[in-house]
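K.L.:
My structure is below; once you've seen it, I'll send some questions.
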Amino acid sequence: MSQPISFTKTKDIPDALGRAGIIHTQHGDIETPAFVTVGTKATVKSLTPEQVKDLGAQVVLANTYHLYLEPGDEIVKEAGGLHAFMNWKGPTITDSGGFQVFSLGEALGKGVSKVATGEAVTDAGDVARTDEFTNKRAKIDEEGVTFVSHKDGKKHRMTPEDSMRIQHNIGADIMFAFDECTSPHAKKEYQKEAMERTHRWAERCIAYHKESGQDKTQGLFAVVQGGRFEELRKESAKVLSEMDFAGFGVGGSFVKEDMDTAVGWVNEILPADKPRHLLGIGEPLDILKGVEQGCDTFDCVAATRMARNGGVYIDGGKINLLNAQFKKDFTPIMDTCDCYTCAHYTRAYIAHLFRAKEMLAATLASIHNLRFIIRFTDEIRESIKEGTFTEHKKEILQKYGLL
RNA sequence: GCGUCAGUCGCAUAGUGGCAAUUGCACGAGACUGUAAAUCUCGCGGCCUUUUGGCCUACGGGGGUUCGAGUCCCUCCUGGCGCA
(Lines of atoms letter the chains of each structure in order from A and count residues from 1; the text may use other names and numbers.)
(Lines give C-alpha, C1' and ligand atoms only; values in the text may rest on other atoms or scores of the structure.)
Protein backbone atom coordinates (compact mmCIF):
# COMPACT_ATOMS: atom_id res chain seq x y z
CA MET A 1 0.00 0.00 0.00
CA SER A 2 1.31 3.44 -0.73
CA GLN A 3 1.18 5.46 2.43
CA PRO A 4 0.28 9.15 2.76
CA ILE A 5 3.25 9.31 5.10
CA SER A 6 6.72 8.42 3.96
CA PHE A 7 10.19 8.64 5.42
CA THR A 8 13.46 9.49 3.74
CA LYS A 9 16.58 8.74 5.69
CA THR A 10 19.34 11.24 5.04
CA LYS A 11 22.11 10.16 7.41
CA ASP A 12 22.90 7.50 10.02
CA ILE A 13 24.69 7.85 13.32
CA PRO A 14 27.68 5.53 12.89
CA ASP A 15 27.44 2.41 15.08
CA ALA A 16 24.07 3.37 16.49
CA LEU A 17 20.42 3.01 15.59
CA GLY A 18 19.87 6.74 15.25
CA ARG A 19 19.46 8.65 12.03
CA ALA A 20 18.43 11.94 10.49
CA GLY A 21 15.69 12.07 7.93
CA ILE A 22 12.52 13.62 6.63
CA ILE A 23 8.95 12.57 7.24
CA HIS A 24 6.78 13.64 4.32
CA THR A 25 3.17 14.48 5.13
CA GLN A 26 0.23 16.03 3.29
CA HIS A 27 0.86 19.26 5.18
CA GLY A 28 4.60 19.45 4.71
CA ASP A 29 7.85 17.80 5.71
CA ILE A 30 9.17 17.13 9.18
CA GLU A 31 12.92 17.13 9.47
CA THR A 32 13.95 14.53 11.99
CA PRO A 33 14.90 14.07 14.72
CA ALA A 34 12.18 16.49 15.69
CA PHE A 35 10.37 17.59 18.80
CA VAL A 36 6.60 17.40 18.42
CA THR A 37 4.75 20.19 20.20
CA VAL A 38 1.84 18.98 22.28
CA GLY A 39 -1.51 20.66 21.80
CA THR A 40 -3.83 18.19 23.47
CA LYS A 41 -7.07 20.09 23.06
CA ALA A 42 -6.18 21.57 19.67
CA THR A 43 -4.12 24.29 21.27
CA VAL A 44 -0.61 24.54 22.58
CA LYS A 45 -1.54 25.97 25.96
CA SER A 46 -1.00 29.72 26.26
CA LEU A 47 0.37 30.12 22.71
CA THR A 48 -1.08 31.12 19.37
CA PRO A 49 -0.25 28.90 16.37
CA GLU A 50 1.78 31.80 14.98
CA GLN A 51 3.89 31.82 18.11
CA VAL A 52 4.27 28.06 17.92
CA LYS A 53 5.42 28.32 14.35
CA ASP A 54 7.90 31.07 15.19
CA LEU A 55 9.47 28.76 17.75
CA GLY A 56 10.46 26.48 14.91
CA ALA A 57 7.85 23.87 15.78
CA GLN A 58 7.28 21.61 12.80
CA VAL A 59 4.35 19.55 14.00
CA VAL A 60 1.59 19.57 16.63
CA LEU A 61 0.05 16.59 18.41
CA ALA A 62 -3.54 16.66 19.66
CA ASN A 63 -5.51 14.11 21.64
CA THR A 64 -8.39 11.92 20.52
CA TYR A 65 -9.97 11.37 23.92
CA HIS A 66 -9.91 15.04 24.87
CA LEU A 67 -11.25 16.33 21.57
CA TYR A 68 -13.92 13.65 21.54
CA LEU A 69 -15.15 14.86 24.93
CA GLU A 70 -14.77 18.51 24.09
CA PRO A 71 -15.83 19.99 21.73
CA GLY A 72 -16.62 16.63 20.10
CA ASP A 73 -14.91 15.21 17.01
CA GLU A 74 -17.96 15.91 14.86
CA ILE A 75 -17.49 19.61 15.49
CA VAL A 76 -13.82 19.40 14.56
CA LYS A 77 -14.84 17.64 11.37
CA GLU A 78 -17.50 20.23 10.60
CA ALA A 79 -14.91 22.96 11.13
CA GLY A 80 -12.90 21.39 8.33
CA GLY A 81 -10.63 19.22 10.42
CA LEU A 82 -7.96 19.91 12.98
CA HIS A 83 -5.79 22.06 10.73
CA ALA A 84 -8.59 24.46 9.88
CA PHE A 85 -10.16 24.34 13.33
CA MET A 86 -7.04 25.36 15.21
CA ASN A 87 -5.41 27.33 12.39
CA TRP A 88 -2.26 25.19 12.27
CA LYS A 89 -1.17 24.74 8.69
CA GLY A 90 1.71 22.35 9.28
CA PRO A 91 1.71 18.62 9.96
CA THR A 92 -0.42 17.27 12.78
CA ILE A 93 -0.67 14.07 14.78
CA THR A 94 -3.38 12.69 17.02
CA ASP A 95 -2.75 10.36 19.89
CA SER A 96 -5.32 7.60 20.08
CA GLY A 97 -6.57 7.95 23.64
CA GLY A 98 -4.46 4.96 24.62
CA PHE A 99 -2.50 7.00 27.12
CA GLN A 100 -5.71 7.96 28.89
CA VAL A 101 -6.34 4.26 29.48
CA PHE A 102 -3.29 4.53 31.69
CA SER A 103 -3.49 8.04 33.14
CA LEU A 104 -7.17 7.73 34.00
CA GLY A 105 -6.92 4.05 34.83
CA GLU A 106 -4.03 2.28 36.46
CA ALA A 107 -2.06 5.47 37.17
CA LEU A 108 -4.87 7.51 38.66
CA GLY A 109 -4.11 8.66 42.17
CA LYS A 110 -1.04 6.45 42.46
CA GLY A 111 1.62 8.96 41.67
CA VAL A 112 2.77 6.81 38.77
CA SER A 113 3.54 8.79 35.67
CA LYS A 114 4.97 8.38 32.21
CA VAL A 115 8.45 8.10 33.62
CA ALA A 116 8.29 6.51 37.03
CA THR A 117 10.88 7.17 39.69
CA GLY A 118 11.94 5.15 42.68
CA GLU A 119 12.56 1.47 42.76
CA ALA A 120 12.50 -0.16 39.38
CA VAL A 121 9.94 -2.86 39.75
CA THR A 122 10.42 -5.68 37.33
CA ASP A 123 8.40 -8.76 37.92
CA ALA A 124 6.97 -8.09 41.34
CA GLY A 125 4.75 -5.07 40.97
CA ASP A 126 1.22 -4.97 42.17
CA VAL A 127 -1.40 -5.14 39.49
CA ALA A 128 -4.34 -5.76 41.70
CA ARG A 129 -6.96 -5.08 39.10
CA THR A 130 -10.53 -5.13 40.17
CA ASP A 131 -13.65 -5.05 38.12
CA GLU A 132 -14.80 -2.07 40.10
CA PHE A 133 -14.03 1.45 39.08
CA THR A 134 -13.08 2.38 42.64
CA ASN A 135 -10.75 5.30 41.99
CA LYS A 136 -10.11 4.51 38.38
CA ARG A 137 -11.83 6.23 35.55
CA ALA A 138 -10.91 3.76 32.84
CA LYS A 139 -11.71 0.08 32.66
CA ILE A 140 -10.37 -2.26 30.00
CA ASP A 141 -11.89 -5.30 28.36
CA GLU A 142 -11.19 -7.15 25.13
CA GLU A 143 -13.53 -5.00 23.09
CA GLY A 144 -12.32 -1.63 24.30
CA VAL A 145 -12.24 0.78 27.21
CA THR A 146 -14.96 2.37 29.31
CA PHE A 147 -14.01 5.82 30.52
CA VAL A 148 -15.69 7.90 33.15
CA SER A 149 -15.44 11.45 31.88
CA HIS A 150 -13.39 13.72 34.10
CA LYS A 151 -15.66 16.56 33.02
CA ASP A 152 -19.10 15.35 34.05
CA GLY A 153 -18.75 11.78 35.28
CA LYS A 154 -20.56 10.33 32.28
CA LYS A 155 -19.47 6.95 31.00
CA HIS A 156 -17.98 6.78 27.53
CA ARG A 157 -17.09 3.71 25.57
CA MET A 158 -14.11 3.70 23.24
CA THR A 159 -13.14 0.77 21.08
CA PRO A 160 -10.28 0.68 18.59
CA GLU A 161 -12.81 1.35 15.85
CA ASP A 162 -14.20 4.33 17.76
CA SER A 163 -10.72 5.75 18.15
CA MET A 164 -10.16 5.40 14.40
CA ARG A 165 -13.50 7.00 13.57
CA ILE A 166 -12.80 9.92 15.90
CA GLN A 167 -9.30 10.37 14.52
CA HIS A 168 -10.70 10.35 11.00
CA ASN A 169 -13.04 13.13 11.99
CA ILE A 170 -10.21 15.09 13.52
CA GLY A 171 -8.19 14.51 10.39
CA ALA A 172 -4.57 14.73 11.50
CA ASP A 173 -1.82 13.68 9.09
CA ILE A 174 -0.65 10.97 11.43
CA MET A 175 -2.83 9.00 13.80
CA PHE A 176 -2.11 6.31 16.32
CA ALA A 177 -3.64 2.89 16.81
CA PHE A 178 -5.62 2.51 20.02
CA ASP A 179 -3.36 0.83 22.57
CA GLU A 180 -3.09 0.19 26.25
CA CYS A 181 -0.32 2.06 27.99
CA THR A 182 0.70 -0.09 30.95
CA SER A 183 2.30 0.78 34.24
CA PRO A 184 6.05 0.11 34.58
CA HIS A 185 5.11 -1.62 37.81
CA ALA A 186 2.93 -4.22 36.10
CA LYS A 187 4.02 -7.83 36.21
CA LYS A 188 5.27 -9.58 33.11
CA GLU A 189 2.19 -11.70 32.97
CA TYR A 190 -0.01 -8.65 32.76
CA GLN A 191 2.31 -6.83 30.36
CA LYS A 192 2.06 -9.78 28.02
CA GLU A 193 -1.69 -9.92 28.25
CA ALA A 194 -2.01 -6.16 27.61
CA MET A 195 0.52 -6.25 24.79
CA GLU A 196 -1.27 -9.06 23.00
CA ARG A 197 -4.55 -7.20 23.36
CA THR A 198 -2.86 -4.08 21.95
CA HIS A 199 -1.75 -6.18 18.98
CA ARG A 200 -5.28 -7.42 18.39
CA TRP A 201 -6.51 -3.85 18.65
CA ALA A 202 -3.81 -2.80 16.14
CA GLU A 203 -5.21 -5.26 13.61
CA ARG A 204 -8.69 -3.96 14.17
CA CYS A 205 -7.47 -0.38 13.78
CA ILE A 206 -5.70 -1.02 10.52
CA ALA A 207 -8.64 -2.98 9.13
CA TYR A 208 -11.07 -0.20 9.98
CA HIS A 209 -8.67 2.42 8.70
CA LYS A 210 -8.28 0.75 5.31
CA GLU A 211 -11.94 0.03 4.93
CA SER A 212 -12.77 3.66 5.60
CA GLY A 213 -10.58 4.84 2.75
CA GLN A 214 -8.97 7.38 5.04
CA ASP A 215 -5.69 5.52 4.61
CA LYS A 216 -5.21 7.54 1.43
CA THR A 217 -4.79 10.77 3.37
CA GLN A 218 -3.97 9.85 6.97
CA GLY A 219 -1.06 7.68 8.04
CA LEU A 220 -1.65 5.21 10.83
CA PHE A 221 1.11 4.40 13.33
CA ALA A 222 1.10 1.35 15.60
CA VAL A 223 2.20 1.52 19.24
CA VAL A 224 4.78 -0.94 20.50
CA GLN A 225 4.25 -2.08 24.07
CA GLY A 226 5.75 -4.79 26.28
CA GLY A 227 6.77 -2.84 29.36
CA ARG A 228 10.26 -3.34 30.65
CA PHE A 229 10.70 -6.83 29.28
CA GLU A 230 13.10 -7.41 26.41
CA GLU A 231 11.32 -10.51 25.23
CA LEU A 232 7.97 -8.74 25.09
CA ARG A 233 9.30 -5.54 23.54
CA LYS A 234 10.94 -7.48 20.75
CA GLU A 235 7.88 -9.57 20.18
CA SER A 236 5.71 -6.47 20.02
CA ALA A 237 8.03 -4.78 17.52
CA LYS A 238 8.11 -7.90 15.39
CA VAL A 239 4.39 -8.53 15.36
CA LEU A 240 3.52 -4.93 14.56
CA SER A 241 6.24 -4.64 11.90
CA GLU A 242 4.47 -7.30 9.94
CA MET A 243 1.34 -5.23 9.71
CA ASP A 244 1.01 -2.45 7.16
CA PHE A 245 1.49 0.61 9.32
CA ALA A 246 2.86 3.93 8.07
CA GLY A 247 5.08 4.24 11.10
CA PHE A 248 5.50 3.23 14.72
CA GLY A 249 5.31 4.66 18.16
CA VAL A 250 7.19 3.33 21.13
CA GLY A 251 4.76 3.48 24.00
CA GLY A 252 4.42 2.52 27.61
CA SER A 253 5.34 4.06 30.87
CA PHE A 254 9.01 3.89 31.71
CA VAL A 255 11.57 3.86 34.39
CA LYS A 256 14.52 6.12 33.51
CA GLU A 257 16.98 3.46 32.47
CA ASP A 258 14.53 1.96 29.98
CA MET A 259 15.35 4.85 27.72
CA ASP A 260 18.66 3.14 27.10
CA THR A 261 17.33 -0.37 26.81
CA ALA A 262 13.72 -0.86 25.75
CA VAL A 263 13.87 1.78 23.04
CA GLY A 264 16.84 0.13 21.40
CA TRP A 265 15.39 -3.39 21.58
CA VAL A 266 12.40 -2.15 19.65
CA ASN A 267 14.13 -0.01 17.06
CA GLU A 268 16.52 -2.78 16.10
CA ILE A 269 13.50 -4.64 14.83
CA LEU A 270 11.21 -1.94 13.45
CA PRO A 271 11.67 -1.34 9.70
CA ALA A 272 14.30 1.31 9.07
CA ASP A 273 12.36 2.87 6.24
CA LYS A 274 9.48 4.00 8.42
CA PRO A 275 9.36 6.74 11.05
CA ARG A 276 9.52 5.91 14.74
CA HIS A 277 8.00 8.10 17.37
CA LEU A 278 8.83 7.94 21.08
CA LEU A 279 5.56 8.65 22.80
CA GLY A 280 5.51 11.16 25.62
CA ILE A 281 9.25 11.63 25.90
CA GLY A 282 10.87 13.80 26.96
CA GLU A 283 13.27 15.85 28.81
CA PRO A 284 16.44 16.94 27.00
CA LEU A 285 18.61 14.00 28.01
CA ASP A 286 15.82 11.56 27.22
CA ILE A 287 15.60 12.92 23.71
CA LEU A 288 19.35 12.61 23.32
CA LYS A 289 19.16 8.93 24.27
CA GLY A 290 16.01 8.36 22.26
CA VAL A 291 17.64 9.71 19.12
CA GLU A 292 20.72 7.59 19.57
CA GLN A 293 18.50 4.58 20.10
CA GLY A 294 16.75 5.17 16.81
CA CYS A 295 13.69 7.36 17.39
CA ASP A 296 12.84 10.14 14.97
CA THR A 297 10.18 12.17 16.73
CA PHE A 298 9.32 12.97 20.34
CA ASP A 299 6.35 14.61 21.97
CA CYS A 300 6.29 15.71 25.57
CA VAL A 301 4.19 17.93 27.78
CA ALA A 302 7.04 18.58 30.21
CA ALA A 303 8.27 21.74 28.51
CA THR A 304 4.90 23.48 28.51
CA ARG A 305 3.57 22.11 31.79
CA MET A 306 6.73 23.02 33.66
CA ALA A 307 6.71 26.42 32.03
CA ARG A 308 3.23 27.13 33.34
CA ASN A 309 4.48 26.33 36.83
CA GLY A 310 7.54 28.53 36.71
CA GLY A 311 10.09 25.89 35.72
CA VAL A 312 12.35 26.83 32.84
CA TYR A 313 15.17 25.07 31.07
CA ILE A 314 18.65 26.46 31.21
CA ASP A 315 21.87 25.00 29.84
CA GLY A 316 22.51 21.82 31.73
CA GLY A 317 19.39 21.89 33.87
CA LYS A 318 16.43 23.94 34.92
CA ILE A 319 15.46 26.62 37.42
CA ASN A 320 12.24 27.60 39.15
CA LEU A 321 11.55 31.27 38.51
CA LEU A 322 9.34 31.38 41.60
CA ASN A 323 12.36 30.92 43.83
CA ALA A 324 13.15 33.99 45.93
CA GLN A 325 16.59 34.34 44.40
CA PHE A 326 15.15 35.49 41.06
CA LYS A 327 13.12 38.43 42.37
CA LYS A 328 15.91 40.83 41.50
CA ASP A 329 17.63 38.86 38.77
CA PHE A 330 17.56 41.24 35.83
CA THR A 331 19.18 38.85 33.38
CA PRO A 332 17.40 36.75 30.75
CA ILE A 333 16.44 33.17 31.56
CA MET A 334 19.37 32.06 29.40
CA ASP A 335 21.76 34.46 27.80
CA THR A 336 22.56 32.09 24.97
CA CYS A 337 18.92 31.50 24.06
CA ASP A 338 17.53 32.91 20.83
CA CYS A 339 13.87 32.94 21.88
CA TYR A 340 11.57 35.95 22.00
CA THR A 341 11.33 35.77 25.78
CA CYS A 342 15.05 35.81 26.36
CA ALA A 343 15.48 38.62 23.85
CA HIS A 344 13.10 40.95 25.68
CA TYR A 345 12.46 39.93 29.28
CA THR A 346 14.31 39.29 32.51
CA ARG A 347 13.97 36.54 35.09
CA ALA A 348 12.82 39.16 37.59
CA TYR A 349 10.02 40.33 35.31
CA ILE A 350 8.75 36.86 34.54
CA ALA A 351 9.03 35.94 38.23
CA HIS A 352 6.89 38.99 38.96
CA LEU A 353 4.30 37.87 36.39
CA PHE A 354 4.16 34.42 37.98
CA ARG A 355 3.73 35.84 41.49
CA ALA A 356 1.09 38.25 40.26
CA LYS A 357 -0.63 35.34 38.50
CA GLU A 358 -0.54 37.16 35.20
CA MET A 359 -1.28 35.03 32.14
CA LEU A 360 1.69 36.37 30.25
CA ALA A 361 3.96 34.44 32.61
CA ALA A 362 2.78 31.13 31.14
CA THR A 363 3.16 32.43 27.62
CA LEU A 364 6.68 33.78 28.04
CA ALA A 365 7.89 30.73 29.92
CA SER A 366 6.29 28.36 27.40
CA ILE A 367 7.93 30.22 24.53
CA HIS A 368 11.29 29.79 26.18
CA ASN A 369 10.91 26.13 27.11
CA LEU A 370 9.53 25.09 23.74
CA ARG A 371 12.19 27.00 21.90
CA PHE A 372 14.79 25.41 24.16
CA ILE A 373 13.65 21.84 23.55
CA ILE A 374 13.01 22.36 19.83
CA ARG A 375 16.42 23.90 19.35
CA PHE A 376 17.99 21.20 21.49
CA THR A 377 16.52 18.57 19.16
CA ASP A 378 17.37 20.56 16.03
CA GLU A 379 20.98 20.78 17.10
CA ILE A 380 21.13 17.02 17.57
CA ARG A 381 19.75 16.62 14.07
CA GLU A 382 22.32 19.00 12.61
CA SER A 383 25.11 17.17 14.38
CA ILE A 384 23.97 13.89 12.84
CA LYS A 385 23.87 15.46 9.40
CA GLU A 386 27.34 16.89 9.90
CA GLY A 387 28.66 13.61 11.26
CA THR A 388 29.49 15.13 14.66
CA PHE A 389 26.84 13.46 16.80
CA THR A 390 29.34 11.84 19.14
CA GLU A 391 31.11 15.11 19.85
CA HIS A 392 27.81 16.90 20.26
CA LYS A 393 26.56 14.28 22.68
CA LYS A 394 29.72 14.65 24.72
CA GLU A 395 29.21 18.41 24.92
CA ILE A 396 25.64 17.97 26.12
CA LEU A 397 26.59 15.45 28.77
CA GLN A 398 29.32 17.80 29.97
CA LYS A 399 26.82 20.64 30.31
CA TYR A 400 24.64 18.40 32.44
CA GLY A 401 27.59 17.43 34.58
CA LEU A 402 27.48 13.82 33.47
CA LEU A 403 30.96 13.63 32.02
C1' G B 1 -19.06 60.52 79.41
C1' C B 2 -22.57 56.17 79.26
C1' G B 3 -23.75 51.68 76.75
C1' U B 4 -22.34 47.90 73.49
C1' C B 5 -19.46 44.80 70.24
C1' A B 6 -14.61 43.49 68.98
C1' G B 7 -8.92 42.83 69.40
C1' U B 8 -5.89 35.14 67.68
C1' C B 9 1.04 33.23 64.12
C1' G B 10 2.46 39.06 57.82
C1' C B 11 -3.14 39.71 56.31
C1' A B 12 -7.93 37.58 56.83
C1' U B 13 -10.43 33.86 59.62
C1' A B 14 -11.94 29.24 63.22
C1' G B 15 -11.87 28.19 68.08
C1' U B 16 -16.43 29.52 74.76
C1' G B 17 -12.12 25.33 80.06
C1' G B 18 -7.17 20.50 78.03
C1' C B 19 -4.51 24.26 72.29
C1' A B 20 1.54 25.65 69.71
C1' A B 21 -4.24 26.69 68.22
C1' U B 22 -8.59 25.88 62.24
C1' U B 23 -8.94 27.52 57.27
C1' G B 24 -7.68 30.77 53.12
C1' C B 25 -4.12 34.15 51.21
C1' A B 26 0.85 35.54 51.33
C1' C B 27 5.66 33.50 52.02
C1' G B 28 9.57 29.28 51.49
C1' A B 29 10.77 24.72 48.97
C1' G B 30 9.76 20.48 45.93
C1' A B 31 7.39 17.67 42.07
C1' C B 32 5.78 17.67 37.02
C1' U B 33 7.84 13.16 30.58
C1' G B 34 1.60 10.07 24.38
C1' U B 35 -1.81 17.12 29.67
C1' A B 36 -8.20 15.25 34.80
C1' A B 37 -2.23 20.05 35.62
C1' A B 38 -2.18 28.45 35.01
C1' U B 39 -1.88 21.84 38.92
C1' C B 40 -0.28 19.05 43.07
C1' U B 41 2.79 18.04 47.59
C1' C B 42 5.42 19.67 51.83
C1' G B 43 6.93 23.62 55.28
C1' C B 44 5.49 28.14 57.67
C1' G B 45 6.64 30.95 66.69
C1' G B 46 11.78 29.64 68.60
C1' C B 47 15.55 26.16 70.19
C1' C B 48 17.01 21.13 70.74
C1' U B 49 16.22 15.92 68.99
C1' U B 50 16.83 9.50 65.94
C1' U B 51 11.49 9.74 66.94
C1' U B 52 4.71 8.88 66.74
C1' G B 53 9.87 13.28 70.93
C1' G B 54 11.41 17.42 74.48
C1' C B 55 11.81 22.44 76.27
C1' C B 56 10.69 27.62 75.87
C1' U B 57 7.58 31.64 74.25
C1' A B 58 2.62 32.76 72.46
C1' C B 59 -4.29 34.39 71.12
C1' G B 60 -3.99 43.53 72.80
C1' G B 61 -1.43 44.88 78.34
C1' G B 62 -1.74 43.71 83.57
C1' G B 63 -3.98 40.99 87.47
C1' G B 64 -7.32 37.01 89.23
C1' U B 65 -10.31 32.12 89.39
C1' U B 66 -8.81 26.96 88.12
C1' C B 67 -5.09 20.94 88.34
C1' G B 68 -5.39 23.51 83.62
C1' A B 69 -7.31 29.97 80.46
C1' G B 70 -7.36 32.17 73.62
C1' U B 71 -11.78 30.59 76.10
C1' C B 72 -14.43 32.57 82.89
C1' C B 73 -13.81 37.28 86.26
C1' C B 74 -11.58 42.38 87.21
C1' U B 75 -8.97 46.35 85.17
C1' C B 76 -6.38 49.15 81.51
C1' C B 77 -5.30 50.14 76.25
C1' U B 78 -7.05 50.29 71.10
C1' G B 79 -10.96 50.21 67.35
C1' G B 80 -16.30 49.97 65.46
C1' C B 81 -21.34 51.20 66.45
C1' G B 82 -25.37 53.63 69.38
C1' C B 83 -26.87 57.47 72.89
C1' A B 84 -25.27 62.02 74.87
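Heads up, the Cβ atoms here are built off N, Cα and C, so glycines get one too.
Heads up, TrEMBL stuff is auto-annotated, nobody curated it.
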K.L.:
Out of A:His352, A:His368, which does TrEMBL tie to the same Zn(2+) site as A:Cys337, A:Cys339, A:Cys342?
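P.N.:
Only hit among A:His352, A:His368 in TrEMBL's Zn(2+) site, alongside A:Cys337, A:Cys339, A:Cys342: A:His368.
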K.L.:
What range among A:114-118, A:164-168, A:304-308 does TrEMBL describe as region 'RNA binding'?
P.N.:
A:304-308
K.L.:
Quick check on the annotation: TrEMBL has A:Asp95, A:Ser96, A:Gly97, A:Gly98, A:Phe99, A:Gln225, A:Gly252 binding substrate, so which of A:Asp141, A:Asp179, A:Asp296 does it put in that site too?
P.N.:
A:Asp179
K.L.:
Would you mind telling me which of A:196-202, A:280-286, A:315-321, A:392-398 TrEMBL tags as region 'RNA binding'?
P.N.:
A:280-286
K.L.:
In the structure shown, which of the binding-site residues A:Gly97, A:Gly98, A:Gly252 has the fewest Cβ neighbours within 10 Å?
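P.N.:
Among the binding-site residues A:Gly97, A:Gly98, A:Gly252, the lowest count of other Cβ atoms within 10 Å belongs to A:Gly98.
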K.L.:
Starting from the Cβ centroid of A:Cys337, A:Cys339, A:Cys342, A:His368, the recorded Zn(2+) site, name every other residue in that chain with its Cβ within 8 Å, sequence order please.
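P.N.:
Not counting the recorded site residues, we get A:Pro332, A:Ile333, A:Met334, A:Asp338, A:Tyr340, A:Thr341, A:Ala343, A:Ile367, A:Arg371, A:Phe372.
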K.L.:
Can you tell me whether DSSP puts A:Asp299 (active site, nucleophile) in helix, strand or coil?
P.N.:
strand
K.L.:
According to DSSP, which kind of secondary structure is A:Phe99 (substrate binding site) found in, if we only use helix, strand and coil?
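P.N.:
Assignment for A:Phe99 (substrate binding site) reads helix.
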K.L.:
Give me the mean pLDDT over the region 'RNA binding' (A:280-286), rounded to a whole number.
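P.N.:
On average, pLDDT over the region 'RNA binding' (A:280-286) sits at 95.
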K.L.:
Taking just the CA atoms, what is the gap between A:Cys337 (Zn(2+) binding site) and A:Asp299 (active site, nucleophile) in Å?
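P.N.:
It is 21 Å, counting Cα to Cα.
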